[in-house]
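Colleague: Next up is a structure, given as structure tokens.
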Ligand code: IDP
Ligand code: MG
């Protein structure tokens, strides 16, 4: 199967009306949308998603942030989508994110950085299994041969 990543538009991105803009960036790049839902998650679920960060001082604030409103959970697929997705998103701290990236263009503070993207193929696999237990939607784009040589 082609590489997949888990992308989540955080509650601030939903509240600020950035859902369409963010989806458009991944679509126009040529990645394929293979899963999509608007969902509010409970504290225990958010803690599981961010389990690797449980020792960090900002952990409880981070969990409060993620459960503060609905998020848009997505699976995106394509060649190198994990690494390229992180580039489209930009550096964790928007103060260091390049203009042209999502965080560089739409965020100011690290604790309100609009979007999440898996940091490796292995975390993508885990995060997709957590957020999409039924797996991804199987479809093929009719544009495939216009995007890949
Ligand atoms: P990432 O989202 O770029 O992968 P991580 O280090 O995995 O960054 O951190 C997860 C999320 O935790 C960040 O996107 C951000 O929302 C939040 N976060 C990270 N560092 C801080 C911090 O120092 N203060 C507040 N929130 C932070
Ligand atoms: Mg991370």
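Glycine residues also receive a Cβ, built from the backbone N, Cα and C atoms like all the rest.
Please treat TrEMBL annotations as automatic predictions, because they have not gone through curation.
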Colleague: Quick one: which of 86, 125 does TrEMBL put in the ATP site with 10, 58, 92, 103, 113?
Modeller: 86
Colleague: With the Cβ atom as the reference point and anything under 6 Å counting, tell me which of the binding-site residues (10, 86, 103, 113) are near ligand 1.
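Modeller: 113, by Cβ distance under 6 Å.
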Colleague: Most Cβ neighbours within 10 Å: which of the binding-site residues 10, 86 is it?
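Modeller: Answer by Cβ density within 10 Å: 10.
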Colleague: If you average pLDDT over the domain 'Nucleoside diphosphate kinase-like' (2-139), what do you get?
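Modeller: Averaging the confidence scores along the domain 'Nucleoside diphosphate kinase-like' (2-139) gives 98.
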